[in-house]
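Right, one structure below, let's go through it.
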Amino acid sequence: MADPWQECMDYAVTLARQAGEVVCEAIKNEMNVMLKSSPVDLVTATDQKVEKMLISSIKEKYPSHSFIGEESVAAGEKSILTDNPTWIIDPIDGTTNFVHRFPFVAVSIGFAVNKKIEFGVVYSCVEGKMYTARKGKGAFCNGQKLQVSQQEDITKSLLVTELGSSRTPETVRIVLSNMEKLFCIPVHGIRSVGTAAVNMCLVATGGADAYYEMGIHCWDVAGAGIIVTEAGGVLMDVTGGPFDLMSRRVIAANNRILAERIAKEIQVIPLQRDDED
C-alpha cells in the first residue's frame, strides 16, 4: 500500500530547503530584532517571513490541513493539536543564534495525524544538514542512516541542554542546580548548541547521548523527536513518565537507562502547557 503521507514529507523537505536558503541569505545582513515574552525571547522579520512562506505554500497544496506555528502563536493563535493532519512549524529554531550569526539555526517541521507524529524534518541550514525521519522507516542525515550511541553508563555520557529564555531567578536557580547535579555525577560533559531541534538531532547521530530541557515548546521538538526515536532513541517526560508533546519538557536519550537516570536527578520546573490558555 502506498504511504499516504510520503508526498507530504517530500514536500516538507523541499520547503525546509527553500526556507533554509532564505535564512542563510538573511543571516548575512543586519536584522531588526523584536522581543516576545522577555528581553531574551527574540523574533526577527525573517522568522515571520519564513513561517508565512511555509504555511501559505502548504495551505495551497493541502487546504484541509491544520497548523501550529511559533510566530502564529506569538501573534495570538492557539496551540491546539487535533486529530486532523497538522503541520507543527518552527521557522527558525535558534533565533538568538541567528541574530548573533552563531551558526546553528534550523527550520523544523513536524507532521502529526491523530495527535501522533508521522514524520519530522529538521534542516540545519548553515551546516547544510537535512535531518529526516518517517515513522517506521528510520532516521537520516543527508541520506545517511542515523543510529544513537550505545552508551548506558551516565559517567561516560555527553549530555546536551539549554539554559532557556526564562530569567526568573527561581527558574534559573533550578536550571543551574539541575546542571550541577548531573555535571557532578560526573558526566563527561554538558553542551549547548542553542537550538532544541539540533540538540535532539545530535542525540540521533550518536554525537550526544542525551538531551533534556524544560521550557521548550511543541514546535521546538515536533520535528526532531521522531528523528531521535527512528534512530533507536527514546523520548520521555522529565518526571520519568511518557513524553507529551504539549507539556513543554522532554528527555531525548539513546536509551531508557540514561533517560531514567536523568529524570531521577532533575527537579521539575512548573510550566504552563502549550495547549492551555
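The backbone N, Cα and C atoms fix where each Cβ goes, and this holds for glycine too.
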Identity of the substrate-site residue among GLU77, GLU213 (reference: GLU70, ILE92, ASP93, GLY94, THR95, GLY194, THR195, ALA196, ASP220, source: Swiss-Prot): GLU213
List of residues, in chain order, with Cβ under 8 A from that of THR95 (substrate binding site) and at least 6 apart: LEU42, VAL43, THR44, ASP47, VAL105
Cβ neighbours of ASP93 (substrate binding site) where a neighbour is any other Cβ within 10 Å: 31
DSSP-derived class (H/G/I helix, E/B strand, else coil) of ILE92 (Mg(2+) 1 binding site): strand
Sorted by sequence, non-GLU70, ASP90, ILE92 residues with Cβ within 8 Å of centre, Mg(2+) 1: ASP47, VAL50, GLU51, GLY69, GLU71, ILE89, PRO91, ASP93, THR95, VAL107, SER108, TRP219, ASP220
